[in-house]
Amino acid sequence: MSYEKLLERFLTYVKINTRSNPNSTQTPTTQSQVDFALTVLKPEMEAIGLKDVHYLPSNGYLVGTLPATSDRLRHKIGFISHMDTADFNAENITPQIVDYKGGDIELGDSGYILSPKDFPNLNNYHGQTLITTDGKTLLGADDKSGIAEIMTAMEYLASHPEIEHCEIRVGFGPDEEIGIGADKFDVKDFDVDFAYTVDGGPLGELQYETFSAAGLELTFEGRNVHPGTAKNQMINALQLAMDFHSQLPENERPEQTDDYQGFYHLYDLSGTVDQAKSSYIIRDFEEVDFLKRKQLAQDIADNMNEALQSERVKVKLYDQYYNMKKVIEKDMTPINIAKEVMEELDIKPIIEPIRGGTDGSKISFMGIPTPNLFAGGENMHGRFEFVSLQTMEKAVDVILGIVAKD
């Protein structure tokens, strides 16, 4: 089904810079997310007929309710999307609307080309309306497509009171892209039987498995001596960082893994001879493999310290989130409902693990099973991001179908 305001709504949202800040200790981490919630989304939610619309300063979530129109439908269902965008330029986003007929797409005057040679997924969108960047920013379909889809579905239901649906809660939250958005999620306030994050990618994605995730921060303490007289005296902290990295399995990196394979990812390295720091993320699906990965990192550091006869490798290892499969597989109702709706709409469900995490990973372990639905974005987190309007429309269709199921 086509929805009159869906594209307009999406374009309005993405033009607002809501990039999160990993270095901030505030909640949300940027004022722009607060402003987006209070000056754009909250008035719109109230205007379309949502009730009890309220912003929670304690966690940065904007929440509203669409009351049920049927006593027959017993479930209370939530839909959640995040307001922030990823760590890429989000200032002066200028979307392009392209009626795609194949071939390359010039991204404004940036000199960048969105080409099916580099991104074969473009070949899935011949004849569709694509929204792209101008090559200078990301787009923000992750996850403003999800927000636009949820809002459009709620507006449709509010304007069609004859449609039977269950009680619906809507939540728009902050800071998902930096992994802390759901840390303070208020389960009691949201009060649903189960929920969905609308934060997935291509048409049909339906996901209830995520990585289990840990962060690893290492500090290497060296001893700087003039290199001309350094023999048996200098300890080069940068070399220690390299030595640590070389002991990790070289084929277990993001660029060499897929499907259910885990990895170690070195994403930051800095320092001098005197001190160096490296930061990793550790990811795996099965609990036993996740524990083994963390233990290997600790063992390497311990062995290096033993060889150096002092604690020159300092380890900070902490869990970030866990595979929500452990929660959701206890009751597959939200998966079964979404799958049934997709099949009724002639959408093929793509049930695959997320090689990442969602807010649903944490929310599921807080007590609300929260799998992930497609929102349409492709090539997310950069200048080559795009989304199909037709896929967004189908996401709205799926939301409408879910809330009408018993």
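Cβ atoms are placed via backbone N, Cα and C, with glycine included.
Listed by Swiss-Prot as binding Zn(2+) 1 are H82, D142; the candidate from D35, D191, D193, D199 that the record includes in that site is D199. D199 (Zn(2+) 1 binding site) is 12 Å away from D84 (active site) when you measure Cα to Cα. Of all the recorded positions given, namely D84, D142, E176, E177, D199, the one with the smallest number of surrounding CB atoms inside 10 A is E177. Between the C-alpha atoms of D199 (Zn(2+) 1 binding site) and E176 (active site, proton acceptor), the distance comes to 10 Å. The Cβ centroid of D142, E177, H381 marks the Zn(2+) 2 site; residues of that chain outside this set whose Cβ lies within 8 Å of it are T85, A86, D87, F88, L138, D143, M380, given in sequence order. In sequence order, D142 are the recorded positions from H82, D142, E176 with a C-alpha within 10 Å of the C-alpha of H381 (Zn(2+) 2 binding site). For the pair E176 (active site, proton acceptor) and H82 (Zn(2+) 1 binding site), the C-alpha distance works out to 6 angstrom. Among the listed binding-site residues, namely H82, H381, the Cβ with the most fellow Cβ atoms inside 10 Å is that of H82.
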